[in-house]
Each structure stands twice: as C-alpha cells, then as structure tokens.
2 protein chains.
Amino acid sequence: MISVVILGAGNVATHLYKAFQASKDVTVKQWYNRSLKTIETYKNKVETTDDLSKLVEADVYILAVNDDAIAELSSLLPFENKFVVHTSGSVSPYDIDKKNRRGVFYPLQTFSKAAPIDFSEVPLCLETLRRTDYALLKKLGASISDHAKRVNSDQRASLHLAAVFVNNFTNQIYRVAQEITESQGAEFDMLKPLILETAKKVHHMSPYRAQTGPAKRNDKKTIKKHLKALDNEHHEAIYKLLTDSIKKTHGR
Amino acid sequence: MISVVILGAGNVATHLYKAFQASKDVTVKQWYNRSLKTIETYKNKVETTDDLSKLVEADVYILAVNDDAIAELSSLLPFENKFVVHTSGSVSPYDIDKKNRRGVFYPLQTFSKAAPIDFSEVPLCLETLRRTDYALLKKLGASISDHAKRVNSDQRASLHLAAVFVNNFTNQIYRVAQEITESQGAEFDMLKPLILETAKKVHHMSPYRAQTGPAKRNDKKTIKKHLKALDNEHHEAIYKLLTDSIKKTHGR
C-alpha cells in the first residue's frame, strides 16, 4: 500500500483524489489545502488540513497546485528528505525545494470539475531526480493508469506544448466552425459526428495519412470559393495559414 | 420500397451503396460507373453498367461523382423529368441539368475506403428544387440515417466550409503536434486520449465554454515560454494566430 498526501484542491487534485480512493493499492492519508472550505465536502472521507505544520507521514507528497505556487509551497514543507512530486506539464522538478527528493507526476489530459474521467486511460508522465525513487512513482502511476511512463523534462515540455495545439487550438477551430455555420442559420450540431470521426481517425493512422480536402489536393477553385465565402477577416487568416500549412506538409 | 440508381464509384458512392443495401426500405437497382473495373467486385450483387443509355427506371438517381463532373454527367442522362440528386457539399442543385427534377443528398462525414462507417450517425443535408420531391428524399435519407434534415444551399455551403475547419484544419493541428512531440523524442500516442476528450467535450458543451489554457487565461509567461520553445517558424505562426483568436473570442 502506497500512502500519499495531496496538496491543492483544483481539478487535477480532485480527480487524483478520486482515482487514488478507487485504487486498492493507494491510501490518501491527508488532503491539504490553503482554504479548508474548498475540500470540506470530503472531510468525512479523508483527513483534511489547512496547516502545513500538521502534515502527516506519507510515501509521496503530491503538489497539485498552480505552476507559480510549486516553488514556494515546496519550500514551506516542514520536513526533509521525503518524496515530493508536482503535477505540472511545464515546470522543472528542480523548482521543488531541494531539501526533499523530487519528481514529476503529470497527467496529460483536460480535466473539468463536472465531467468524470476514466483515469486508467490518462497518460501519466513520470520523472524522478533520483533513480531510486522511480520504482515507487511508477507503482503509484500504474495503480491508477494503464499509461504511466517515464518522460524526461524536455519531452514533457513538448507534450505540454503540443497539448495546447490539440486541445486549446482545436477547440478554437471548433468555435470558428460554429461561428461560420451559425452565421448562415445552419446547425453546429451537424458537425459533431465529423469532429468525433476526425479525432478517432488519428488513433489508427497518422495525421499525415488521414489528411484529405481541398488544401491537400491543392484544389484552387474550392479554396478560392471558400475564401470568398468567409466574410470574417479573422476566419480568413486562419483558413489561409492552415491551408498553406497543409500544402507545405503535403509538398504542394 | 424506394428504388435508386447510383452513379459514380468513389468513397461516397461505395458507402452509400452499402448503407442502401443494408436498408430494408431501399433497393439499389443499378450501379453505373464510367469504368466497370472499379465496381466489378459488386457485379454479383447488383446490376452494374458503364453505359448511360442502359440506365434503368428508378425513383432516385444519385450522382455521387466529383463536383466538377456533376453538370456534365447530368446533361448526358438519357431521360427527362426524373428525380436526380448530387451528393456534394458545395455544388448548387441548379448545376444539375434542368431536364430532370433536381435535389441534393449530401452526407456530412469523412469517408475512407477502408474504414466502415455507421451511416445511422451520419448527418444528411437534403434539398429539392420542387417542394413535392422532398417527401421522397426525406424518406430515402431516413432509411439510412437518423440525422436527415432539410438544409438549404447557403447553409450547406457553410457546413461544407466549416467541415474543412473541423476536419482538415484540426487534422493539420494534430500533425503539427506530432512534429512538436517527435522533435523531442516524445510519443504522439500520449496525446491521443486528450485529442478524443477534446472532441467529445463539445458534444455536451459549447466550444466557448469548453475552452481552457494559457491563451484564454492570457497567461503571458506561459505563452512566451511556448513561443521560445517553438523552433519552427511555421508552428510559431499557427501558435500566434490561434492564441490571438482565442484571446479575441474571450475578450482578452
């Protein structure tokens, strides 16, 4: 049984708490947050505290807090030589105060308060500064996810950056598509099966092979028609840039 | 029972043929293609022909051919006053020769030769020039899809254009994400659950509400870090444009 203490109460902290609670190999010994109010609904299920001096003994301390808060919170921990990890995609493990053994436990997924998540499908990027700490972190990761892997800081940063593309940028593309359809009184809903199929397609073939459409074919007539139909400068700029990008990728 | 003749042998034609064959309300009386070779594997299941003068009687003739071929093929049809529809997202029903009754039967999905598709989930955009033809087209659509709807030409053009965004452009975003991860030896595979979750999220909330990340928060520090990490001018241009787009949408 691995014992953990969770620090923080955002979406990542909450989903991690639930995943650990559901695992037979992990016990959450304590949940710390600056404000007890945020986690008070859990106080009958787990020991909660807002006092760092009352932190209990555990195998792993998980700092699931904002990137900017990691360094300071880690320096305030009232113990040494324990195993402390953060959950950030872009922060170095060296940002954690060096009085403790340090690592990273980064779940690569988008979390919202409302939606439940199947943690077994969430990729976990694991890193430890001491080689001897890795086995424990791997065991902790494997207790909740089927995709817990060693990922170094450069790789993790590239995944975190790429995640902005496939999550935030893709979502903005969906938003633009909604603006385009609704400007003509068409239903954005009709695009949803295509949105899902496009996402599924790259699970079994590369984005390169999955590509279709006027830009890939360099179908100038259709591209011209589309640019004429776009009456929003901003949508037009996105159309042009991504069309050029596809042409470049496919050697047009 | 509705009888149809399919003309053309591309992905749309082939998937339509299979969907109609599986429906108890439709019979495919004949399949025409310029070259018989392409459809010869089906010759024991359906009458095939490469001779327009041999086209048989049917309730609906479906021109599932390239956009550019619709007008000409329709003018070569050796009959008048029959019901002829095309399957294009961007072509007007007026492009079909006026000697016949005209309409549109546009399936809004991406089709590939290999992957089977559940047609009941495919949105169908229906349009007829004569009001009296609509009931038949609606019945034909409903025989294979749960999402067959009347969509006028302007709406259809906007859906077709928006489809380029959510399909081709999103797919190119995936491609860029793959280039970013692989440049650091990280696995693109680790992004797949996030790709799927992002697509699923807009099925139950708007893209506006689903948005998260540094651009939405106007987190200048992270944005600067990301731009520094992107060593490809082209990736940088996409990052900047979509970050600005998100900021604009969310009033930053």
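Glycine is treated like the rest: Cβ placed from N, Cα and C.
Feature annotations, courtesy of TrEMBL:
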type	residues	note
DOMAIN	B:4-86	domain 'Pyrroline-5-carboxylate reductase catalytic N-terminal'
DOMAIN	B:123-245	domain 'DUF2520'
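The average pLDDT computed over the domain 'DUF2520' (B:123-245) stands at 96. With DSSP classes pooled into helix, strand and coil, the tally for the domain 'Pyrroline-5-carboxylate reductase catalytic N-terminal' (B:4-86) is 32 helix, 21 strand, 30 coil.
As a summary of secondary structure, the domain 'DUF2520' (B:123-245) carries 89 helix, 8 strand, 26 coil according to DSSP.
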